[in-house]
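Peer 1: Dumping the structure here so I can ask a few things about it.
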Amino acid sequence: MSPSPALHAAAFQGIGAPDIQRFHINLSVGSNVNRYPAKQHARKVASKLGISRGLIYLVGKPTVFLDDSDQTIPFRQRRYFYYLSGANEPDCHLTYDIAKDHLTLYVPDFDLRQTVWMGPTISIGEALDRYDIDNARYAGSLQTDISGWLRLRGDDSQIILLHPDHRPPIEYEQDLFETKNLVPAMNAARGVKDSYEIEMIRKANIVSGLAHTAVLEKIGQMTNESDIAGLFLETCMTHGAPDQAYGIIAASGENGATLHYMKNNEDFGNRLSVCLDAGAEYECYASDVTRTFPISRTGEWPTPEVRDIYLAVERMQEECIRLIKPGVRFRDVHLHASRVAVEELLKLGVFQKDNSVDAIMASGAVSVFFPHGLGHHVGLEVHDVAEQSVMAATDDSSPRTRVRGFLMQPASAMSAALLEESMIVTVEPGIYFNRLALKNARTLPIARFIDFDVVERYYPIGGVRIEDDILVTATGYENLTTAPKGEEALDIIRRSSVKSSRA
């Protein structure tokens with residue numbers, strides 16, 4: 001079934017599937033996207049803090065060496081620091097004087113030995129030109145600057161930290177630091193994206209789409225999960241995105257039943273399909289994309305079972321995406337996905353056919369096959385922060401219930417986070433046949449709802465998951481994910497097979 005046009009992102013308007021492999025995008029930040037809006041973010045965080053005075057102090061990620069080695073751990077900037085600076089450089093610090101609306105970035109002091117071996121660190125002039133800041137200073141002046149601020153501060157002003165152990169290198173009084181409010185304030189600020197952030201996530205998705213397409217074009221020639229992971233990474237790097245938002249999951253066959261499978265080293269053999277969960281990171285912003293497709297030269301599903309489960313998950317995703325708009329409780333969308341899963345598995349006989357959809361839903365048995373939430377925020381982290389998780393309940397009187405590891409239905413209606421315009425969330429339904437989970441389910445009361453003889457036919461599938469990144473707009477949604485799926489993905493496999501046979 002072809003995905004509804006409404007479920008596609010607009011990023012490839014005018015570009016058909018046959019042309020996507022020839023489409024090379026310019027991913028440099030151009031005239032439409034200015035410098036990273038650090039000052040805007042700082043003001044937003046100060047507003048969430050609800051105070052008019054104080055000094056926010058953040059320390060960036062320092063250079064860290066591997067244990068017992070002279071080699072460094074690959075650098076990854078602390079995301080809270082990046083949100084207030086846009087600086088993807090090690091060994092930096094920043095301060096933001098709330099009363100003066102003054103943002104200062106501290107860069108590493110010049111080190112000749114470092115320059116000879118590793119190249120020069122960023123200079124003051126380069127920092128002022130590159131970043132949306134009011135001032136740039138060398139790190140050696142940090143202690144003097146903060147001490148000077150303390151002498152001039154009012155009695156009600158504090159230095160505001162993310163964590164108690166992130167204190168600046170100064171002599172201090174115990175009551176000088178406030179360490180409880182900055183994390184929730186920054187989480188609330190980061191949950192709703194601005195136009196710059198949306199553009200970065202859109203670009204990350206474009207790169208991911210190109211990489212997923214490259215895999216579809218070559219899947220008929222591949223023999224091992226590592227072939228998939230290697231080509232995906234190579235394609236991302238070629239298009240200006242050398243970092244992945246998370247570890248690539250290239251799970252073939254029953255490995256797809258492990259949600260975060262990352263070994264990526266097994267031969268396909270006679271396996272049916274691949275669950276590829278992989279997303280590029282662009283300028284520190286994540287994409288999160290999952291596609292499931294047959295291991296096939298013909299672009300056809302090898303068995304009715306894997307085809308039927310794919311179509312079930314496809315229905316789950318398409319219906320849920322259409323529900324996305326401001327004011328919707330994401331938990332309600334998750335429950336709709338669960339209900340669709342029950343309906344489909346009941347039709348296939350995986351659930352005993354003498355049971356009703358309502359009875360199965362009330363039992364929580366669907367959690368054996370759909371054990372995770374429908375989605376999460378995406379941003380500077382692949383599982384990004386927000387004032388509240390989209391799957392979180394806020395009503396303590398209605399706790400979630402669990403039965404030996406399985407997340408069950410809510411005991412009663414729950415007050416959960418509402419979607420807001422400019423949030424970006426994933427919609428990633430899945431159906432899985434995990435042998436250990438189902439073995440455990442045999443010992444639970446929910447076993448009476450499951451036909452374990454029928455389940456045997458579905459184990460070779462492992463799992464099917466489809467995942468897109470969805471921007472909440474003023475009136476609904478926009479799908480930022482461009483990676484082909486459904487019939488479009490199968491067509492790419494078919495065309496590539498024809499080209500390969502002619503070569």
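Yeah, the Cβs are placed from backbone N, Cα and C, and that goes for glycine too.
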Peer 1: According to Swiss-Prot, D288, E467 bind Mn(2+) 1; so which of E254, E421, E428 is the extra one listed there?
Peer 2: E428
Peer 1: Which Cβ among the binding-site residues (D288, E428) has the fewest C-beta neighbours inside 10 Å?
Peer 2: E428
Peer 1: Applying the rule Cβ within 8 Å of the centroid of the Cβ atoms of D288, E428, E467, what extra residues of the same chain belong around the Mn(2+) 1 site?
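Peer 2: Along the chain, the qualifying residues are D277, G279, V289, T290, G375, T426, V427, R465, I466, D468, D469.
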Peer 1: Who sits close to D277 (Mn(2+) 2 binding site): which same-chain residues at least 6 apart have their Cβ under 8 Å from its Cβ?
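Peer 2: Expected: I248, I249, A251, D288, V289, T290, R465, E467.
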Peer 1: Determine the Cβ neighbour count for E467 (Mn(2+) 2 binding site): the number of other Cβ atoms within 10 Å of its Cβ.
Peer 2: 25
